[in-house]
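**Student:** Let me give you the structure first, and then I'll get to my questions.
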Amino acid sequence: MALGHAPLGLLGLVFIAGSLVMLFLTILPGVSWVPPLRDTYFLRAETMGIRGARPVTQWTFFYVCGLENLNCGFPQAAMGIGSNAWAPGGFGVPRELVGEYADGTTSHYYWYMWRFGWVFFIIGLFFEVIAFFVGFLACLGRLGAAMAGLVAGTALFFNTLAVCLMTATFVKMRNAFLANRIPAQIGAHGFGLAWGAWFALLIAVGLFFAGVAAGGGRKKSDHVHSTSRGSRRNRSRGSNLEFGSRRRVKEEYN
């Protein structure tokens with residue numbers, strides 16, 4: 001049995017709520033030490049051989065931290081990857097990571113890649129919060145479902161850019177460390193939460209637009225049923241008229 005716009009809208013809200021929870025867990029590591037935040041990071045590298053660096057460095061959304069997200073530097077918006085990670089000049093850092101940006105700690109490529117990725121996360125979060133509240137209208141009708149789908153689709157667009165730039169930035173960083181024989185690994189929690197938030201939002205967008213289609217299908221079905229009932233009434237009326245006409249002719253003949 002096909003679901004109507006109300007159940008589909010409610011399911012869409014559930015998936016958007018789940019996406020928001022995962023997105024906040026992606027953004028907040030370093031702010032608190034409670035699980036799972038202390039285990040959430042984008043990249044970890046053993047940087048003891050790098051001047052001015054911690055023995056182990058973990059990159060999160062706002063912070064560069066040590067092991068288990070302790071000993072963090074000060075929070076920065078759209079920070080350079082070398083900010084608070086190592087000393088200017090980056091002695092011992094893979095060459096492709098170091099440049100003139102962020103006080104001589106970050107290269108041109110990584111400065112802009114993560115800067116834009118960071119900004120797209122914030123824009124996507126903004127639209128996703130709006131989509132959550134607009135999503136309540138999806139339970140009321142097709143217009144509400146369409147509005148929720150459009151806002152959630154906008155959030156999905158920016159979140160797609162964000163997670164793709166995040167993935168490209170930190171996977172290339174890991175590869176650069178490994179190429180220089182510096183142990184490094186991608187954060188399973190950080191990447192899992194970011195991509196999980198994206199996937200949940202994708203499902204929510206699909207559910208909202210399915211609610212639009214479901215409402216349209218029901219109206220079409222109602223129209224067909226109404227037309228069918230009208231046709232039956234017309235046929236019945238026509239049969240009665242024909243029967244009455246025949247009866248009058250018979251009476252006149254008699």
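In case you wondered, yes, glycine gets a Cβ from its N, Cα and C as well.
TrEMBL lists 7-28, 116-140, 147-171, 191-214 with the feature transmembrane segment. Per TrEMBL, region 'Disordered' is recorded for 216-254.
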**Student:** Which of 7-28, 116-140, 191-214 has the most Cβ pairs closer than 8 Å to the transmembrane segment (147-171)?
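**Tutor:** Counting Cβ pairs under 8 Å, the winner is 116-140.
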**Student:** Quick test of the contact rule: Cβ under 8 Å, at least six residues beyond the ends. What residues does that give for the transmembrane segment (191-214)?
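**Tutor:** Residues packing against the transmembrane segment (191-214) from afar: 2-5, 8-9, 11-13, 15-16, 18-20, 22-23, 25-26, 40, 42, 128, 131, 135, 138, 142, 145-146, 148-149, 152-153, 155-156, 159-160, 162-163, 166-167, 170.
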